[in-house]
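S.K.: Starting off with a structure, shown below.
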Amino acid sequence: MAFGATHLSLAFCLMALIVLVKADFYGNKEPINNILEKNSEMLTQDFCIFAAVGSVVTEAIARERRMGASLIRLFFHDCFVDGCDAGILLDDIPGRFQGEKTSPPNNNSVRGYQVIDQAKQRIKTMCPGAAVSCADILALAARDSVAMLGGIPYPVSLGRRDARTANFTGALTQLPAPFDDLNVQLKKFSNKGMSPREMVALVGSHTVGFARCVTLCDDRNINPAMKSTLKCGCPVSNNNTNLVPLDLMTPDFFDKFYYEDLIRNQGLLFSDQVLMGSTATSDVVRTYNSNPTLFLREFNDAMIKMGNLPPSRGVQLEIRDVCSKVNSNSIADM
């Protein structure tokens, strides 16, 4: 593991559930953060971190189920640009710094930043003295989202560090785009050490994903077979907020039906449907469709591998106190 000592959080999460569900068992409707605070003495520091992040994610998805998909995507968009370094969380500084947050693939599209901020604050409140990076919080929030939406929990290791910079151009060139053909996608994933099979597993997260109408009204981005069924009223303005699910059958659940859509030529995005254009990827699509458990297991393996992508060599690292800005003095953390 590239990030120091491994902490298998799966067992800790099961312990967290015991603490959190005890209130419901006895009819106590106290907020989760109050329950955690009262039980903080029985928590190890790592367990406290896992429980604090998990409680924030649970609350966020309870308010809006789509937030789970957004947190998974936020983690992907962070790790795929120069490694898992929380670069995507940095705010621009007008005239001085332009980061990934406002790069076209992310601007007015990627969301969930406030959940990460809330998790950082929850850790400070519940786990005094705990040093956990924003990059680690992104990894934990994505894992917890997968589990809450119907996937299988998987272990997450701590020890990542936050970059003191971000890469506006890298977000444009490194992230897969909805108009990418299969060869371009395979190259982008190969550049991150991912095999075609791992690529098909990771894009399976589109089973809980949504696309904006402003994206789908661009003919480059949509599967031509689905254009006539699109109910977006194209063309639309850039500030249009209407959404269309990428999984037509079960958009709220992490399952295999996204792959069934592809087999039926009903993948919504151009970049999704082209997975059926080569046996190197279409055979994997058919395998995951016929064996959902295998998909969930191999998706987890690919997420763990992606979560190990290191920051760019030579980049200054720290543990940010506030996830949206670098520390004012972080010599001790670098």
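Cβ atoms are placed via backbone N, Cα and C, with glycine included.
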S.K.: Would you mind checking which of CYS127, CYS134, CYS213, CYS217 shares a disulfide with CYS323 in TrEMBL?
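M.R.: That would be CYS134, the partner TrEMBL lists for CYS323.
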S.K.: Nearest of the disulfide-bonded residues to ASP247 (Ca(2+) 2 binding site) by CA-CA distance, picking from CYS213, CYS234, CYS323?
M.R.: CYS213
S.K.: Counting other CB atoms within 10 A of each CB, which of the recorded positions VAL81, CYS84, CYS134, CYS213, CYS323 comes out lowest?
M.R.: CYS213
S.K.: Could you list the residues of the same chain, at least six apart in sequence, whose Cβ is under 8 A from the Cβ of GLY83 (Ca(2+) 1 binding site)?
M.R.: LEU309, PRO310, PRO311, SER312
S.K.: Starting from the Cα of ASP78 (Ca(2+) 1 binding site), work out which of the recorded positions (CYS84, CYS213, CYS234, THR250, CYS323) are within 10 Å.
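M.R.: Hits: CYS84.
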S.K.: Taking the Cα atoms as reference points, how far is CYS134 (disulfide bond) from ASP255 (Ca(2+) 2 binding site) in Å?
M.R.: 28
S.K.: When you tally the Cβ atoms that lie within 10 Å of each candidate's Cβ, which of the binding-site residues (THR207, THR250) has the highest tally?
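M.R.: Comparing the binding-site residues THR207, THR250, the most crowded Cβ belongs to THR207.
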S.K.: Checking your reading of the structure: which of the recorded positions HIS77, CYS84, THR207, THR250, CYS323 lie inside a 10 Å Cα sphere centred on GLU100 (Ca(2+) 1 binding site)?
M.R.: HIS77
